[in-house]
Amino acid sequence: MNPQAKLIFVISLLLGTTITISSNHWIMAWTGLEINTLAVLPLISKSHHPRAIEAATKYFLVQATASALVLFSSMTNAWYTGQWDITQLTLPAACLLMTAAISMKLGLVPFHFWFPEVLQGSSLTTGLLLSTAMKLPPMALLLMTSQSLNPALLTTLAILSAAVGGWMGLNQTQTRKIMAFSSISHLGWMAIITAYSPKLTLLNFYLYTVITAAVFLTLSSMKALKLSTLMTSWTKTPTLSAILLLALLSLAGLPPLTGFLPKWLIIQELTKQDMIPAAITISLLSLLGLFFYLRLAYCATITLPPHTTNHMKQWHHTKPVNVSIAILATLSTTLLPISPMILTTI
């Protein structure tokens, strides 16, 4: 892709995100979401492969539907209450429509079907954008309207997302699809706590973004699109394989890594809210995610390729690890000890 064109699309992405996050009026928020959608479409379809074109088409149709629902919900609310302010969403029907629209934007169950397909049709770099940066504007809207939305409905969607993300990720062999179901599962953890502690949702989103960026950039450096590619990576890029192992375990939420922090705080908050059955259910469902993260880690670091070759093995000149991967990997493994300091900032 032309560098100037790519620059325009990236600036448009930043502009759309900024407009949505900083707006108080529903029309401005909707405008930001539309700019975002239009800016990311060329990045998805840039390879001109039929699967990439299909992914871009699916993404456009789903996001256009969700944007129409956002507009319809806000107009209905304005019709009955005379309020266009984002925080003044009071009409029950408008709240229900808005929950559906934001769930569709984020990829929460039962509106998750588009996300694995779109991620599978994109490159790893675009997949990283779709999993992190593109989730920020709808997440901001979810946080701004969190006091208006139905907590029971959000909890149901969250537990379903954790269940579907865990179950459907189990038998996948494509790394991008595994990361898509991982994202759906993590969104469940964010949605369950939104109505009770929006700041905790935001902290979870930030930490998820850091760890997912570390995983995606490592996979991109290894050019690993399938599990079979990961199996031969240990001999070629041992450092990256070790980083991937730690980042995946952090994403699974194992102590003493960074990923344990949001899960621990969310379970603590749910217990305070007397939602012990929900806390137990979502904790048990996260074990499904742990299984496929361990499978990925096992493929990347422990298995050897199943076939032996007769010719002499070539020396592999290991490339130095990218600075951004090094920084993200450090953040995704070492932030738990400074959690008291993190908690004072939120």
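The backbone N, Cα and C atoms fix where each Cβ goes, and this holds for glycine too.
What TrEMBL says about a protein is an automatic prediction, not a curated fact.
The transmembrane segment annotation in TrEMBL covers 7-27 (among others).
Positions annotated as domain 'NADH:quinone oxidoreductase/Mrp antiporter transmembrane' by TrEMBL: 23-288.
Feature annotation from TrEMBL assigns transmembrane segment to 59-79 (among others).
Here TrEMBL flags 91-115 (among others) as transmembrane segment.
Summarising the annotation, TrEMBL assigns transmembrane segment to 152-171 (among others).
Within its own chain, the transmembrane segment (178-197) has Cβ neighbours under 8 Å at 106-109, 112, 115-116, 119-120, 127, 131, 135, 139, 142-143, 146-147, 149, 151, 154-155, 157-166, 168-169, 172, 204-205, 208, 212, 215-216, 219, 251, 262-263, 266, 269-270, 273, 278, 282, 285-286, 288-289, 292-293, 296, counting only residues six or more beyond its boundaries. Here TrEMBL flags 178-197 (among others) as transmembrane segment.
Residues or ranges marked as transmembrane segment in TrEMBL: 203-225 (among others).
Annotation source TrEMBL lists transmembrane segment at 237-255 (among others). Here the transmembrane segment (237-255) has Cβ contacts under 8 Å with residues 182, 186, 208, 211-212, 214-215, 218-219, 221-222, 262-264, 286, 289-290, 293-294, 296-297, 300-301, 316, 318-319, 321, 325-326, 328-329, 332-333, 336 of the same chain, all six or more residues outside its ends.
Away from its own ends, the transmembrane segment (275-294) comes close to residues 155, 158-159, 162-163, 165-167, 169-170, 172, 178, 181-182, 185, 188-189, 192, 248-249, 251-254, 263, 266-267 of its chain (Cβ-Cβ under 8 Å, at least six residues beyond either end). Residues or ranges marked as transmembrane segment by TrEMBL: 275-294 (among others).
Marked as domain 'NADH dehydrogenase subunit 2 C-terminal' by TrEMBL: 290-343.
Sequence annotations record features per position, and here TrEMBL assigns transmembrane segment to 321-343 (among others). Sequence-distant contacts of the transmembrane segment (321-343) (same chain, six or more residues past either end, CB-CB distance under 8 Å): 203, 207, 210-211, 213-214, 217-218, 221, 239-240, 243, 246-247, 250-251, 255-261, 265.
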Out of 7-27, 91-115, 203-225, which stretch touches the transmembrane segment (152-171) the most, going by CB pairs under 8 Å?
91-115
